[in-house]
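Below is one structure, written out as structure tokens; the observations come after it.
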Amino acid sequence: MASLGVNIDHIANVRQARQTVEPDPVPMALLAELGGADGITVHLREDRRHIQDRDLELLRATVRSRLNLEMAATPEMVGIALKIQPDMVTLVPERRQEVTTEGGLDVAAQQGSLKGMVDQLQVAGIPVSLFVDPVSQQLEAACKSGARWVELHTGAYAEACWANQSFELARLNEATARARSLGLRVNAGHGLTYQNVEAVAAIEGIEELNIGHTIVARSIAVGLQEAVREMKRLVQNPRREPLFG
């Protein structure tokens with residue numbers, strides 16, 4: 001049974017749209033936990049477009065589940081992670097003009113530099129996950145980097161038309177099995193919604209799904225606690241086939 005990590009970046013997006021103090025993502029993280037979140041995920045981007053350094057400091061002091069810090073593989077971010085000591089770091093690619101993370105890390109092309117950062121973080125007691133596309137080459141490179149986890153990028157599945165969704169789901173199944181055969185633990189996320197999450201949640205071997213935008217969007221109608229509860233029910237009791245159409 002997969003657990004649920006709730007990404008609260010989009011709460012900070014609303015705040016930053018007006019450069020004001022609300023909504024504050026810190027108390028919203030508590031509401032997500034009260035709704036059943038097994039962890040809180042935030043992405044501290046280099047341009048600080050949503051989550052701010054102070055948010056991260058306060059979340060570290062208040063989150064009672066698990067704090068997963070998504071960040072670019074840069075010396076600045078490694079230094080912040082070593083100071084904050086999140087429960088996990090997920091290394092992700094960043095491009096300044098992107099609206100959201102557009103793809104997985106090219107671990108195979110950056111293996112040397114990534115290995116140094118992975119080692120530095122894990123020696124400090126912070127488990128590292130690499131956000132990768134569901135491709136064998138990237139999984140093998142992730143294993144060689146020394147990371148203990150991967151997070152499979154589910155964007156291609158989430159964005160596929162119904163005719164291609166089964167193919168993308170099969171890729172995720174195969175990638176999960178391959179990662180586990182390499183000794184990696186597996187999370188997944190990106191673009192998952194109330195309509196498409198169940199088939200991914202049913203994949204044997206995926207330990208946690210990280211989901212944000214759809215939960216925050218749903219919370220406008222029903223409140224954050226209920227939005228998290230609804231998603232948690234789908235993640236914990238999934239149908240075995242994707243809902244097409």
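Backbone N, Cα and C atoms are what each Cβ position is placed from, and that goes for glycine too.
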Same-site residue for 3-amino-2-oxopropyl phosphate (record: Swiss-Prot; known: ASN7, ARG18, GLY212, HIS213; options: GLY35, GLY36, GLY183, GLY191): GLY191
Nearest-integer angstrom distance between the alpha carbons (Cα) of GLU70 (active site, proton acceptor) and ASN7 (3-amino-2-oxopropyl phosphate binding site): 10
Distance from HIS190 (active site, proton donor) back to GLU151 (site 'Transition state stabilizer'), taken between C-alpha atoms, in Å: 10
Three-state secondary structure, which DSSP defines for GLU70 (active site, proton acceptor): strand
Recorded positions near HIS50 (1-deoxy-D-xylulose 5-phosphate binding site), in sequence order, restricted to ASN7, ARG18, HIS43, HIS190, GLY191, HIS213 and a 10 Å Cα cut-off: HIS43
